Amino acid sequence: MNFLRLIYYLLVINFKDFGFIFWTIGYPLVLVTIFMATTSNLAGDDLEEIKVGATEDSEYFEALKQVEFITVNEMTVSEARTSLSEENITGYINKDGTLIVEENGFEASILESVINQIQQTYTLGIPPENFNFDVDFIETNEMETEPQVVMYYSTVAMISLYTVFTSMELISSMRPNLSTMGARFSASPFSKTKYILASSIAGLFLGLLSNGLVIGYLMIFNDSVLFNHLPATLGIIVAGNIAGLGLGFIIGLTPRVNINVKSIVPVVFIVGLAFLAGLMGPGVRTVVNRELPFINQLNPLAHVTDTIYRVNLMDNFDSYWTTIAFLIGITVVSFFITLIALRRKQYDHI
Amino acid sequence: MTIFKIILLHFWKFKWLILPLALIFFVIAALFSTLGGSDTFESETLGITVVDASESETSAALIEYLSSKHEVEVIDELDRTYLEEKVFLMEIHGAVIIDSNFENQVKTGEPAVEIISDERAAASIQLDSEISKFLMFANAQFNAAGSLNADTLQTALTDTVDVELNGKGTSAVEENYTNAASYSNFAAYWLMLFIMLTVGNLMSEFNKPELQKRMISAPVSSTSSALQILGAQILVGIFSVLIMFFGLVALYYDRLEGMPLAHILLALILIMAFTLAMQYAINALTTNRFIVNGLTNLITLGLAFLSGIFIPIELFGSTAQHIAEFLPLYHYTQIYAASDISWSESALSISILLLYTLAFLIIGIIFNNQRKSTQL
């Protein structure tokens, strides 16, 4: 059979399977839509001002009025306690200089730090003329954090590994002891190499189509610009899809395991890797990177996620080729193992 | 009991899946657990990375001051991209770059350090404020005496105002509750994922027409067959619930005070029942394993995100918050919404979860009957 025709038939078979289309296209699109609906405020609210109560005769009253982000209002202790409970003010300064806050938190910490500074200026025992109150000792390099982008990028990375399913099905369908088709196939003179290549190309095409749709969807509907270097991103995604094919071959080799049980393995495997790479929010990724860094160093999905955001948001290509080499390396090793496992296999009975 | 045993035997095939899945869950739960709480005021601890190119007495004093209050990592080489990446992904609150000419800049009152942070965040203001204070004091010492007196400076910086907590603060009991609540939130996701994957794939095979036709001709009544299948599923479900529940007890065995354990156990049982009912409806609709796996992931992840399991619901927009209130997993979290929650307070959420379970059960029965009639 003509090679291109074989690829065409394999693509048509997959396109006719509603479940496959739902899993590879529908599911990722719905997932990123949920992310967009829930993560827009993940970085938290901006700090605009800290409201403080104080008695007018408090020694800190006038000094606090000079601080740009603090608003001071005069009030009694009992009024302050009510306002604190209702979270209308962050803190209250007593006549004796003690501070009352409702609970621990960033705003309370900033207020404490400012009041400490006023007190410590006296404690230091240096005449006031030696203090340069107008000098800015800090040069700020401002960044706008967007931790939610990791979730989008890990979704794209996750989809790039979906080729696992195609190659796993391919190997299972070719094993004579696992499927009827495999038994017929092994008895036929049809070229195995040709079939494996055609299936891999068809799987790669479907994987890239799925990735392309999700990227296009994110480019159209997401507020932030996520893909500043699209060709480089596609390069990583192609490598991810090829690695997915390799990993699928290995899973497909598992002997005498029902295809239904086998199909759960990549689902859990990919979701697990995506979870560690940041799919469920940056918190898990941060904790894993801090406590068990080797996990994400081995995690191909974390490599894809990291490289995509480095390339697109940091203009950093340092790890680009290393990641591609790592992903291609996975594929080469997997192909090699598959080749050894499948070649010259003989069965007493099927 | 043949069907019951066969179903259990099929579940046993998933053992190599369950073990790593459970292990990963418990490792992550242990990583996320925090220790104790406090009845007194504690300022927020910041994560800071410092690059010290100066290695002078003043820079050492600055690092010592920051380390006394925060988690400080000092690195030798300046890799701006690495630092920006850590700030960008909120792995640290800020990066402090100390120039080689730092001491001289502090003396002459010039900008002496560079801070990489998100200026919109409260943590950035706290970091700016603390470093500015140190540098202003150091500059004042240089102006007054011509040199830095690190001991006097550190002594002055440790002279802090007394802070009183108006509220109850974060007591150990509250901290225990927070730990239990986060664990139970993630446990629900794990339970749903595990039950939907195993039951879904097992039943998609079981419901295939070829097997169903053989079942019809077998000398087992449909009621007995359904009861055996349900019994096996419930047994596996309860086993998973117990693993999750006793996992919580084992992980926090010395910090159980303040945990509404009975509420958590009931919530886990209810979410297990709800998941089984929902999976029953899905399996009545399709035997395609791609749809089963896709729906499993979509439903578990979707529900977990929209119900505030992974991201606090307070960070959602108002529309997403309203949607969350209609979801079963949100009501699951409301069953143990406070450390001292009473049964009457969680009764509404319990009822809603039961109603959801019932609704999916009825939908499942309807679709199952339709499927059986079309197969015949």
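Note: Cβ is positioned from N, Cα and C throughout, glycine not excepted.
Unlike curated entries, TrEMBL annotations are predicted automatically.
In TrEMBL, the transmembrane segment annotation falls on B:186-204 of the listed ranges B:186-204, B:319-337. Counting C-beta pairs under 8 angstroms (sequence separation of 6 or more), the transmembrane segment (B:347-367) reaches the transmembrane segment (B:259-278) with 3 or more such pairs.
Tallying C-beta pairs under 8 angstroms between the transmembrane segment (B:186-204) and each of B:225-253, B:259-278, B:290-311 places B:290-311 first.
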